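Below: one structure, written as structure tokens.
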Amino acid sequence: MASIILESIFLKRSQQKKKTSPLNFKKRLFLLTESKLSYYEYDFERGRRGSKKGSVDIEKITCVETVVPENNPPPERQVPKKGEDYNMEQISIIERFPYPFQVVYDEGPLYVFSPTEELRKRWIHQLKSVIRYNSDLVQKYHPCFWIDGQYLCCSQTAKNAMGCKILESRNGSLKAGRSHRKTKKPLPPTPEEDTMVMKPLPPEPAPSAAGEMKKVVALYNYVPMNVQDLQLQKGEDYLILEESHLPWWKARDKNGREGYIPSNYVTATSNSLEIYEWYSKNITRSQAEQLLKQEGKEGGFIVRDSTSKTGKYTVSVYAKSAVDPQGMIRHYVVCCTPQNQYYLAEKHLFNTIPELITYHQHNSAGLISRLKYPVSRHQKSAPSTAGLGYGSWEIDPKDLTFLKELGTGQFGVVKYGKWRGQYNVAIKMIREGSMSEDEFIDEAKVMMNLSHEKLVQLYGVCTKQRPIFIITEYMANGCLLNFLRETQRRFQPAELLEMCKDVCEAMEYLESKQFLHRDLAARNCLVNDQGIVKVSDFGLSRYVLDDEYTSSMGSKFPVRWSPPEVLLYSKFSSKSDVWSFGVLMWEVYSLGKMPYERFNNSETTEHVIQGLRLYRPQQASERVYAIMYSCWHEKAEERPTFSALLGSIVDITDEEP
């Protein structure tokens, strides 16, 4: 699938291709790629794309411009009056699309209405960029709508009639006033473009004492979100100018442009297996087998890290079998000679792993099948960035569009929405009096720099109005607790263990940053549309003002997830998070049961202090229960670290070859 440049929800006017066609307006999800402008139905309840309703080939577009607004439009297409933009809490769906623009192509104008002027500008700019080399660009356009069989601006009755107004700025590569030429060749660059291309590159910074400047390759495309960002093109190389422990690095591209990039979008060129479709970094043997069987294709294969042999790789291959209807799977360790050559079959040596894979894609050479079809856990979608652009932590509420309410949490209502009409976000609307706001705002910048693939990313805050908003990554499948209770299927033990592993990876990261969660539980973990579990609300319990929540004697205090030292002395540490993780594992394996379900909070406190521990859930093996139980040692110092717990969880997975 082509890379998506822009994605937004707009109001689309019907094109009335037939004289009898009705004039109507419908909300559609628009996607822009290098080759097509497409629009789809949109499921506002689930936040998902529906069926495709139409598309326009980019090469057929002749003009993109604004349209003069209608006279006396209905409320949904009226520009909000001053002050209305800030009444955000009352909006649960996109209600207004007052900013029209037109995309003109061989079948006439396509009229689109944007919810904000800024979003309209962005789309017009990007559309003009992708059509700039089109051969049929026009230099006159119709500034007003086509209605009732004619253009309101000039009364011409032919839909494809020449425009009546000269474009103020040149359209694409042509200049205003220049005769129209039908040629498929791109026009030569203008003097301004020539100057830009020929501008000499700035000198490379001097190498550091440690050696040469770091070079990286982009794993994903990245479209800049602000002026300080640098665009990334998947597969392109970049030079790192400033590297830090923070999630944004300053980089330079091959054309000399400089800016900030998300560090989790690139990898060192010397370690670039991640750019290959066949490589899955964090996947276990049992997960690989499950995926290969689901795909069921002869020669399906996965290259993955070996969990039992650090630094080694394993190739898992599927082949059909007359004996077993589910097929058979073999796992081959990628071996390395003393001369650093790789092989699966000793007679065939290669200098790199990609060369080895390429060879076996054409030759089985001792394998049960040649490597025909790369299989992955999911399409490698781009990860979340730490903030919506470099240095952007204060978000303008006018850039937010509210789509639906997700629920109510400790701090107030949570809604699903879009940032600048394009990026899915969750918006926590903080109820006044529920949070120590000033203290949280001071800490928000620090929390934004916590970035890990198994943490729900904090994008930013809106603090210049009340209520304040916390903007985070959107997780389509909601909280883990409800996911466990409501999913209408039986979870396999490997799936439950993977959920625990996801959480443990996030907690190991927080542990390494000396950051405490303080309220780890299934209700505070979320599940995305790919079934990956991420830890949410880390550290937020410090800012709760409700005594019923902050006091260990309060009715809302998480007694059932708390160790004795917290219940007795309110003593929090990484080891109190470890205790909570053990209870979370119990929740997962009991499919969302309430811990200590037969006792109230005060009884639970008494029993925990006296040494009572949760029983082994039916779905948990003895080895899994041993990990849970190790988290509940009375002495905090005797509990394992999250790093040790992660190692134990990995060890439980099927033995590696």
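Glycine too: its Cβ is placed from the backbone N, Cα and C atoms.
What Swiss-Prot says about this protein:
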type    : residues                                                                       : note
BINDING : His142, Cys153, Cys154, Cys164                                                 : Zn(2+) binding site
BINDING : Leu406, Gly407, Thr408, Gly409, Gln410, Phe411, Gly412, Val413, Val414, Lys428 : ATP binding site
DOMAIN  : 211-271                                                                        : domain 'SH3'
DOMAIN  : 276-366                                                                        : domain 'SH2'
MOD_RES : Ala2                                                                           : N-acetylalanine
MOD_RES : Thr20                                                                          : phosphothreonine
MOD_RES : Ser55                                                                          : phosphoserine
MOD_RES : Ser179                                                                         : phosphoserine
MOD_RES : Thr190                                                                         : phosphothreonine
MOD_RES : Tyr220                                                                         : phosphotyrosine
MOD_RES : Ser306                                                                         : phosphoserine
MOD_RES : Ser321                                                                         : phosphoserine
MOD_RES : Tyr359                                                                         : phosphotyrosine
MOD_RES : Tyr549                                                                         : phosphotyrosine
MOD_RES : Tyr549                                                                         : phosphotyrosine
MOD_RES : Ser602                                                                         : phosphoserine
REGION  : 175-199                                                                        : region 'Disordered'
MOTIF   : 579-586                                                                        : motif 'CAV1-binding'
ZN_FING : 134-170                                                                        : zinc finger
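Features recorded in Swiss-Prot, as mapped to the structure shown.
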{"residue": "Cys154", "record": "Zn(2+) binding site", "DSSP (3 states)": "coil"}
{"residue": "Cys164", "record": "Zn(2+) binding site", "DSSP (3 states)": "coil"}
{"residue": "Tyr220", "record": "phosphotyrosine", "DSSP (3 states)": "coil"}
{"residue": "Ser306", "record": "phosphoserine", "DSSP (3 states)": "coil"}
{"residue": "Tyr359", "record": "phosphotyrosine", "DSSP (3 states)": "helix"}
{"residue": "Leu406", "record": "ATP binding site", "DSSP (3 states)": "strand"}
{"residue": "Gly412", "record": "ATP binding site", "DSSP (3 states)": "strand"}
{"residue": "Ser602", "record": "phosphoserine", "DSSP (3 states)": "helix"}
- Once DSSP output is merged into helix, strand and coil, Ser321 (phosphoserine) belongs to coil
- Item | Outside the motif 'CAV1-binding' (579-586), six or more residues from its ends: residues with CB under 8 Å to it | 500, 503-504, 507, 517, 519-522, 525, 558, 560-563, 566, 595, 614, 617, 620, 624, 627-632, 636, 639, 642, 645
- Could you state the whole-number distance in Å separating the C-alpha atoms of Gln410 (ATP binding site) and Ser602 (phosphoserine)? 21
- Rounded to the nearest angstrom, how far is the Cα of Val414 (ATP binding site) from the Cα of Cys164 (Zn(2+) binding site)? 48
- By CA distance, which of the modified residues (Tyr220, Ser321, Tyr359) lies nearest to Ser602 (phosphoserine)? Tyr220
- Closest to Ser321 (phosphoserine): which of the recorded positions Cys154, Tyr220, Ser306, Leu406, Gly412, going by Cα position? Ser306
- Item | Shell list (ATP; ref centroid = CB of Leu406, Gly407, Thr408, Gly409, Gln410, Phe411, Gly412, Val413, Val414, Lys428; cutoff 8 A) | Met429
- Task: Give the number of CB atoms, excluding that of His142 (Zn(2+) binding site) itself, located within 10 Å of its CB.
- Result: 24
- With DSSP as the yardstick, break the motif 'CAV1-binding' (579-586) down into helix, strand and coil residue counts. 8 helix, 0 strand, 0 coil
- Find the one among the recorded positions Ser55, Gly412, Val414 whose C-alpha lies closest to that of His142 (Zn(2+) binding site). Ser55
- Message: An 8 Å radius from the center of the His142, Cys153, Cys154, Cys164 Cβ atoms defines the neighbourhood of the Zn(2+) site; name the other residues of that chain inside it, in order.
- Response: Tyr141, Pro143, Cys144, Tyr151, Leu152, Ser155, Gln156, Gly163, Lys165
- For the zinc finger (134-170), the mean pLDDT of the predicted model: 87
- Query: Taking each of the recorded positions Ser321, Gln410 in turn and counting other Cβ atoms within 10 Å of its Cβ, which one has the fewest?
  - Reply: Ser321
- Message: Please report the distance from the Cα of Thr408 (ATP binding site) to the Cα of Ser55 (phosphoserine), rounded to the nearest angstrom.
- Response: 38
- Query: How many angstrom lie between the most widely spaced Cα atoms of the ATP binders Leu406, Gly407, Thr408, Gly409, Gln410, Phe411, Gly412, Val413, Val414, Lys428?
  - Reply: 13
- Query: Reported in the order helix, strand, coil, what are the DSSP residue counts of the domain 'SH3' (211-271)?
  - Reply: 6 helix, 27 strand, 28 coil
- Note on the structure: Simplified to three states, DSSP reports His142 (Zn(2+) binding site) as coil
